[in-house]
Amino acid sequence: MASVPYRKDFPVSWEELHRNARALSWRLLELGPWKGIIAITRGGMVPAAILARELDIRLIDTICVTSYDKSADNDGAAMVRGDLNIIKSVEGDGEGMILIDDLVDTGKTAQCVRDLLPKAHFATIYAKPAGKPLVDTFITEVSQDTWIRFPWDMDYAFAPPMADR
Ligand SMILES: O=P(O)(O)OC[C@H]1O[C@H](OP(=O)(O)OP(=O)(O)O)[C@H](O)[C@@H]1O
Ligand SMILES: Nc1nc2[nH]cnc2c(=O)[nH]1
Ligand SMILES: [Mg+2]
């Protein structure tokens, strides 16, 4: 699929993220029982912590991945996509495990981790259309041309009046 330019900015607050992660927990609670959670670093770690609390899961593992070339600049939306690199994987096929990430965009990360852990239940908070078919459970769909800004990537800053923008 040809890459889609990001035209819209979608800032997410801590409160909104927490609410969505709890909504995801409700859905997953109905689908359990679960043996544990595998968080896809780094974006999957905060959702994993919230799921673990709500589902009373103590077994949390990580699959450690880098995908975007951080050399372009520090703004994710402007970053150049690089090859996916698995720094650390998980033993087994993922059976009984929730595999969690913050979002699925092109589906490149999802495809890679699904190939490694084919029996895991892959869940995300946000999904864009290109990656949506690879996700078993997600909460909120956003358009392909939207860049989601997570609370851990943002700081409080002055916003100029709309008339001045
Ligand atoms: O569907 P894709 O196009 O593969 O994009 C989705 C992935 O991109 C982001 O991670 P990123 O690689 O930016 O790293 P991070 O989680 O460490 O921030 C996000 O957390 C997903 O893991
Ligand atoms: N923060 C963030 N990272 C991404 N990686 C791929 N798509 C996105 C996105 O929309 N937001
Ligand atoms: Mg990620």
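Note: Cβ is positioned from N, Cα and C throughout, glycine not excepted.
The domain 'Phosphoribosyltransferase' annotation in TrEMBL covers 13-158. Positions annotated as 5-phospho-alpha-D-ribose 1-diphosphate binding site by TrEMBL: Arg42, Gly43, Asp101, Asp102, Leu103, Val104, Asp105, Thr106, Gly107, Lys108, Thr109. The Mg(2+) binding site annotation in TrEMBL covers Asp102. Among the features that TrEMBL reports, guanine binding site is placed at Asp105, Ile148. The xanthine binding site annotation in TrEMBL covers Asp105, Ile148. According to TrEMBL, the feature GMP binding site maps to Asp105, Thr106, Gly107, Lys108, Thr109, Trp147, Ile148.
Using Cα positions, the member of the binding-site residues Arg42, Asp101, Leu103, Thr109 nearest to Trp147 (GMP binding site) is identified as Leu103.
Each residue contributes its Cα atom, and for the residue listed as 'Mg(2+) binding site' and Lys108 (GMP binding site) these two points are 14 Å apart.
In this structure, Trp147 are the binding-site residues from Thr106, Lys108, Trp147 whose C-beta falls under 6 Å of some atom of ligand 2. Within the set of binding-site residues Asp101, Asp105, Thr106, Thr109, the entry lying nearest in space to Ile148 (guanine binding site) is Asp105 (CA atoms). Most other Cβ atoms within 10 A: among the binding-site residues Asp101, Asp102, Asp105, that distinction falls to Asp101. Taken as a whole, the domain 'Phosphoribosyltransferase' (13-158) shows an average pLDDT of 93 in this prediction. When the binding-site residues Arg42, Trp147, Ile148 are checked against ligand 1, Arg42 have a Cβ within less than 6 Å of one of its atoms. Across the structure, Asp101 (5-phospho-alpha-D-ribose 1-diphosphate binding site) and Lys108 (GMP binding site) are spaced 12 Å apart at their Cα atoms.
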